[in-house]
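Written below as C-alpha cells is the structure these notes are about.
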Ligand code: CP
C-alpha cells in the first residue's frame, strides 16, 4: 500500500481486515517494521480516538511518533495555490508538507470539511495538497469526505460480532443541533458496499448522501422499517449534502432508543464516537449489552496497525 486516503487505495479488503485481527491477537509481532522510522500525525481538528489509537498502533510497530496540532503548535497553513499571503496563514502547505516529509517516513493528516463550499470540500484539497508536496505516504485520519480508518475498524467489528454470514446492517441518521460533516457516513457506505451485507441507509428527507457513496444501498425515510430484523444499527449524524452543511431538522424521534432496538434482531448498536447521550442515542441503549461502541473504538488501534503495516512493508 502506498497511501491510505480512501478505499481505492486498498487492494484486498478481506486481507486488510484479517491483518487487523492478526494485530489484535499478536500486537507486537511486527515491531521490527518501524525501527528507525518516524510517523507524523498532523491534526487540523480535535481527536481522541484517532490520535491515541494511531499513535499506539505506530508504537506497536516500533515507529517513532510525532504529533502536531496545526495552528496551535504550528503556523497556520495556506492551502490555495497562487494566493497573496497577507492574511492570517503564515506558511504555505507547499513548504510545510515538503518539510514534514523530510522529517517523517509517513504522514497522517486529519482535516475536516469546512461545510461552506461543497465543491471545495469534495475536492479533498488538504489531503491532495499533502499528497502532492510531502513525497511520503499519506494516511487519512479523517478528511472532508471520508474516514477510512474508522470504516476499517467498523468492518473488523462487524466481522467479530455478526450473528449470520450475511448480516443486515443499517446506517441511520441521528438528530443533532450542530452541522456535522458527512465523512463518517460516506465512508461507512463506501466500505459496506464492498462487503457481503444487506445494507440499508435511513434518514429524513433532505439528508441524502452523495450518490457515489450511497452506491447500491437501499434507502428509506422510514426508520422503523429499516430497523426491522437488523443485526447492526450504525448511528451517525450528518448535515445535508443537498443543502450543503445545513441542519434541516433536529427531529428527536430519530434518536435511537431501547424501544427502537426492540425492532431489531437483538441488533448491536455502533457509533464512531464521540456521541452526545440522550440527543443521538439514549443512555438505555449505550449502557446495554447491545452497545458495542467501546469494542468498536478499541478496534481503531487494529485498523491503524493493519494500514501502517501495509505501508511499512512497501517503504
Ligand atoms: N471516531 C473518531 O474518529 O474519534 P475522534 O474524533 O475522537 O478521533
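Cβ atoms are placed via backbone N, Cα and C, with glycine included.
Over in TrEMBL, the protein carries these features:
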DOMAIN    3-160  domain 'Aspartate/ornithine carbamoyltransferase carbamoyl-P binding'
BINDING   47, 48, 49, 50, 75, 110, 147, 148, 149, 150, 272, 273, 300  carbamoyl phosphate binding site
BINDING   142, 176, 236, 276  N(2)-succinyl-L-ornithine binding site
DOMAIN    184-310  domain 'Aspartate/ornithine carbamoyltransferase Asp/Orn-binding'
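The binding-site residues shown are 142, 176, 236, 276; of these, the one with its CA atom nearest the CA of residue 149 (carbamoyl phosphate binding site) is 142. When the record's carbamoyl phosphate-binding residues 47, 48, 49, 50, 75, 110, 147, 148, 149, 150, 272, 273, 300 are compared pairwise by CA position, the greatest distance found is 30 Å. Across the structure, residue 75 (carbamoyl phosphate binding site) and residue 142 (N(2)-succinyl-L-ornithine binding site) place their CA atoms 21 angstrom apart. Checking the binding-site residues 47, 49, 176, 236, 272, 300 for a CB within less than 6 Å of any atom of ligand 1 leaves 47, 49, 272, listed in sequence order.
In space, 142 is the closest of the binding-site residues 142, 176, 236, 276 to residue 49 (carbamoyl phosphate binding site), judged by Cα positions.
Comparing CA positions across the binding-site residues 47, 147, 272, 300, the one lying closest to residue 176 (N(2)-succinyl-L-ornithine binding site) turns out to be 272. Every protein chain shown contributes to the tally, and the Cβ of residue 300 (carbamoyl phosphate binding site) ends up with 26 other Cβ atoms within 10 Å. Here the domain 'Aspartate/ornithine carbamoyltransferase Asp/Orn-binding' (184-310) has, by DSSP, the following mix of helix, strand and coil residues: 47 helix, 20 strand, 60 coil. Other Cβ atoms within 10 Å of the Cβ of residue 47 (carbamoyl phosphate binding site), summed over all protein chains shown, number 17. Its Cβ taken as reference, residue 142 (N(2)-succinyl-L-ornithine binding site) is surrounded by 27 other Cβ atoms within 10 Å in the chains shown.
Non-local neighbourhood of residue 272 (carbamoyl phosphate binding site): 49, 147, 150, 154, 184, 236, 296, 297, each in the same chain, at least six residues away, with C-beta under 8 Å from its C-beta. When each of the binding-site residues 176, 236, 276 is scored by how many other Cβ atoms sit within 10 Å of its Cβ, 276 comes out lowest. According to its DSSP assignment, residue 75 (carbamoyl phosphate binding site) is coil.
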